[in-house]
Amino acid sequence: RSVCSNGCRPKPFGGCSC
């Protein structure tokens with residue numbers, strides 16, 4: 001599972017959404 005920093009959600013295309 002990919003986890004982003006500080007409670008952000010990983011996007012299916014890459015990157016994070018906060």
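Glycine too: its Cβ is placed from the backbone N, Cα and C atoms.
Around the Cβ of C4 (disulfide bond), the number of neighbouring Cβ atoms within 10 Å comes to 13. Annotation source Swiss-Prot lists disulfide bond at C4-C16 (among others), citing similarity to another entry.
Sequence-distant contacts (6 or more apart, same chain, Cβ under 8 Å) of C8 (disulfide bond) comprise C16, S17, C18. Following the DSSP three-state reduction, the secondary structure of C8 (disulfide bond) is coil. Taken from Swiss-Prot, the feature disulfide bond applies to C8-C18 (among others), supported by similarity to another entry.
If you look up Swiss-Prot, you'll see C18 marked as cysteine amide, on the strength of experimental evidence. In the three-state DSSP assignment, the secondary structure recorded for C18 (disulfide bond) is coil.
Of all the Cβ atoms in the protein chains shown, 8 others lie within 10 Å of the Cβ of C18 (disulfide bond).
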